[in-house]
Amino acid sequence: MLLKTVLLLGHVAQVLMLDNGLLQTPPMGWLAWERFRCNINCDEDPKNCISEQLFMEMADRMAQDGWRDMGYTYLNIDDCWIGGRDASGRLMPDPKRFPHGIPFLADYVHSLGLKLGIYADMGNFTCMGYPGTTLDKVVQDAQTFAEWKVDMLKLDGCFSTPEERAQGYPKMAAALNATGRPIAFSCSWPAYEGGLPPRVNYSLLADICNLWRNYDDIQDSWWSVLSILNWFVEHQDILQPVAGPGHWNDPDMLLIGNFGLSLEQSRAQMALWTVLAAPLLMSTDLRTISAQNMDILQNPLMIKINQDPLGIQGRRIHKEKSLIEVYMRPLSNKASALVFFSCRTDMPYRYHSSLGQLNFTGSVIYEAQDVYSGDIISGLRDETNFTVIINPSGVVMWYLYPIKNLEMSQQ
């Protein structure tokens with residue numbers, strides 16, 4: 001009997017694991033919510049309402065303006081697409097706003113070399129009051145999404161109980177697996193449980209989800225960015241070890257290109273999200289985005305760092321009385337990303353330090369490339385003093401890599 005029990009538990013664990021092999025690096029793409037919310041007024045605002053046309057136009061921009069080629073491949077529908085359920089209980093899109101249906105949209109997106117994401121909610125209703133996915137609908141909805149050739153599912157948690165979430169998220173992971181279609185799974189579960197143990201089991205989440213929202217929704221303001229960043233830093237000892245290839249912490253969307261951030265703050269969010277190994281999911285109007293903001297989001301070295309195959313989430317390693325913070329992320333080939341972040345609100349600050357003060361040791365000579373300016377800083381040893389000038393609410397970001405090991409060269 002004991003052997004049977006062990007075998008049964010092993011089978012259950014195997015079924016529950018989201019064994020899709022996806023998102024070995026953080027996902028990159030575009031998500032509708034932050035910029036376009038639940039705008040369903042297509043009569044008065046046809047260019048900006050949640051509709052088939054909006055997603056097709058964003059897909060065009062992603063394919064034609066360099067986004068896809070830089071790695072931004074997911075085009076994700078959020079709330080307010082659902083029109084109801086048909087007589088057999090299958091979800092249907094709003095017929096007026098998505099007249100050709102989701103399979104048509106998926107085919108269009110795929111024809112451009114992109115992937116389509118969709119939204120559902122573990123509960124009676126979505127957050128905006130559309131039909132949700134109750135426990136008895138989980139398998140059916142997973143099958144529907146697979147038949148529609150969807151590539152990612154974001155499962156929200158409004159209007160559900162802790163018990164329903166505890167059953168529903170693992171059940172959806174198993175149901176997605178059972179479809180045979182690789183569908184990346186974005187879980188909002190921990191955000192509804194306070195984001196921390198013991199109410200959140202991150203070992204389980206890593207088995208059943210490819211990414212998960214831990215904390216509050218981002219809003220279009222610098223205060224919102226800081227509140228999310230500070231929460232992640234406060235709990236980094238818990239959060240940092242659980243992220244890795246195939247399973248990522250998600251501090252929510254990038255605001256860059258919208259209305260609430262200055263240029264310095266936009267550069268800061270991009271750098272900080274990158275050092276946290278966060279998903280890079282834009283939520284802006286790609287039809288009107290400025291060249292300046294495109295440069296931030298399409299920075300090749302930034303994207304290389306974000307997509308580093310080691311998949312190690314970075315940490316804050318220093319917090320100075322001067323309101324300067326330093327973040328570090330280990331990268332492949334013994335390289336590192338360093339972010340010098342100013343929480344000041346007065347004027348540019350001259351920050352003096354050395355690699356030794358930042359816990360780099362050993363007889364190694366480093367070179368650093370400034371991720372935004374492209375400048376190269378050569379001849380850095382652990383005892384070499386350097387100065388970076390950081391603008392208020394801004395960053396200086398380095399890609400730091402070893403060029404010579406003095407001990408090995410002396411042998």
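Including glycine, each Cβ sits where the backbone N, Cα and C put it.
The active site, nucleophile feature in Swiss-Prot is assigned to D156. Under the heading active site, proton donor, Swiss-Prot lists D217. Residues annotated as substrate binding site in Swiss-Prot: D78, D79, K154, S188, R213, D217. Annotation source Swiss-Prot lists disulfide bond at C38-C80, C42-C49, C127-C158, C187-C209, citing experimental evidence. If you look up Swiss-Prot, you'll see N124, N177, N201, N359, N385 marked as N-linked glycosylation site. If you look up Swiss-Prot, you'll see S322, S332 marked as phosphoserine, on the strength of a large-scale study or a structure entry. Swiss-Prot lists 1-17 with the feature signal peptide, giving experimental evidence as the kind of evidence.
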Cα distance (Å, whole number) from C49 (disulfide bond) to D78 (substrate binding site): 12
Cα-to-Cα gap, C49 (disulfide bond) vs S188 (substrate binding site), nearest whole Å: 24
Surrounding CB atoms that lie within 10 Å of the CB of C209 (disulfide bond), all protein chains: 28
Most distant Cα pair in Å, residues D78, D79, K154, S188, R213, D217 binding substrate: 16
Integer Cα-Cα distance in angstrom, C127 (disulfide bond) to D79 (substrate binding site): 7
Residue among recorded positions C42, D156, C158 with Cα closest to the Cα of D79 (substrate binding site): D156
Candidate recorded positions C80, C158, N177, N385, pick with smallest Cα gap to S188 (substrate binding site): C158
Those recorded positions of C80, N124, R213 having Cα within 10 angstroms of C187 (disulfide bond): R213
